[in-house]
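Asker: OK, TrEMBL features for this one:
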DOMAIN    1-339  domain 'Major facilitator superfamily (MFS) profile'
TRANSMEM  15-35  transmembrane segment
TRANSMEM  42-60  transmembrane segment
TRANSMEM  66-89  transmembrane segment
TRANSMEM  101-122  transmembrane segment
TRANSMEM  128-146  transmembrane segment
TRANSMEM  209-230  transmembrane segment
TRANSMEM  250-268  transmembrane segment
TRANSMEM  275-297  transmembrane segment
TRANSMEM  309-331  transmembrane segment
Amino acid sequence: PESPVPGMTTDDTSWMISLMYFGNLFSPIPCGYIMEAIGRKNTLLFLNVIPLASWLLIIFTKTVLWLYIARFMAGLWLGIVYTVVPIYLGEIAEPRVRGSLSTFFAIMTYVGVLFEYVVGPFVSYDNLAITSGMFCIIFFVTFTFMPETPYYLVKMNKSEEAREALFWLRGDTPDVDVELKKIENAVSQQMANKGTIKDLFATRANKKAVITVGVLSILQRLSGIGAMIAYTSVTLPKGAIHHVTTHQCVIVLGSVWVFSTLISSFLVDRLGRKILLIVSALGCGVATFLAGTWFLLDAKTDIDVTSLNWAPFACFLLHGFFYSIGLNPIVTTIKGEVF
């Protein structure tokens, strides 16, 4: 079908996809300062204007340049979300459910991707953008009723508001005052040892934490998930699965992401982070190696692999399963816990 953006080439499409991840580079550090100044909740509410503006640009502009800008802005929001949300969840959750709650964040991310996969082919370009943009408004309206984190409120010397937030989150239980006291002690200790960026490398423990988060984040991106989300529909060989269209294959893959992450939510606090990360990384490595081998044989040799056209899709499913039980949800959880 004719592109809704006139003159858009294959190279333009590649740049459009890449610019979202490029935008992701620029927002986490300034966002860290913003959320310390105005709070986790307000940061998400006020900066929610960025994705809304991105969708409005997609709706009302039909040039490649403005689409680039919209995607870059979407990347900025992606960096904000993955910076603030793990901290928000880590600070409102009870320790025994923190891992599961952080995993739920990953599930909702995949539900959003699956929504685009399912709805996208059946509605117009503009209608899909309008529908997606509406979620920004829904988020703003609903998240307004959520409390700020008790940790941040205590840090701002608002202990009574922190107590009210805990009552909202935990219910009217006698343990609220006990938990509030623990939070006050933790914040007092943190404020007494308030450091700078240099302090991240001042001690062996801090260096290990920085390296751990850095390596896991790099491994998460290098696992290939970005390419899977963006290019699965155009990389699968024709007739990969008999009587199943490429569109249906993509929906199946999105469903695997959702349900695998759901499985992870039950395992993460039982088996532990480490074992799931190891299994996840090894599984992703094997899946991408096998998929890469098929594409190499198909493109660079005279070997006929048409009888194995199902193999790339099977590898994508394996990759989706292993990535979703570990590298995706747990890396996000660790970012909110390690410091």
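Using the three backbone atoms N, Cα and C, a Cβ is placed for every residue, glycine included.
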Asker: Count the Cβ pairs between the transmembrane segment (101-122) and the transmembrane segment (15-35) that lie under 8 angstroms and are 6 or more residues apart in sequence, then report whether there are at least 3.
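Answerer: They do not touch: fewer than three Cβ pairs between the two stretches lie under 8 Å.
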Asker: Under 8 Å, at least 3 Cβ pairs, sequence separation 6 or more: does that hold for the transmembrane segment (15-35) versus the transmembrane segment (66-89)?
Answerer: yes
Asker: Please identify the stretch among 42-60, 66-89, 128-146, 250-268, 309-331 with the greatest number of Cβ pairs below 8 Å relative to the transmembrane segment (209-230).
Answerer: 309-331
Asker: Are there residues at least 6 beyond the ends of the transmembrane segment (42-60) whose Cβ is under 8 Å from a Cβ of it, and what are they?
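Answerer: For the transmembrane segment (42-60), the sequence-distant neighbours (Cβ-Cβ under 8 Å, at least 6 residues beyond its ends) are 31, 34-35, 66-67, 69-71, 73-74, 76-77, 80-81, 84-85, 88, 126, 129-130, 132-133, 136-137, 139-140, 143-144, 148.
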Asker: Across the whole of the domain 'Major facilitator superfamily (MFS) profile' (1-339), what does the mean pLDDT come to? Round it, please.
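Answerer: Overall, the domain 'Major facilitator superfamily (MFS) profile' (1-339) comes to a mean pLDDT of 89.
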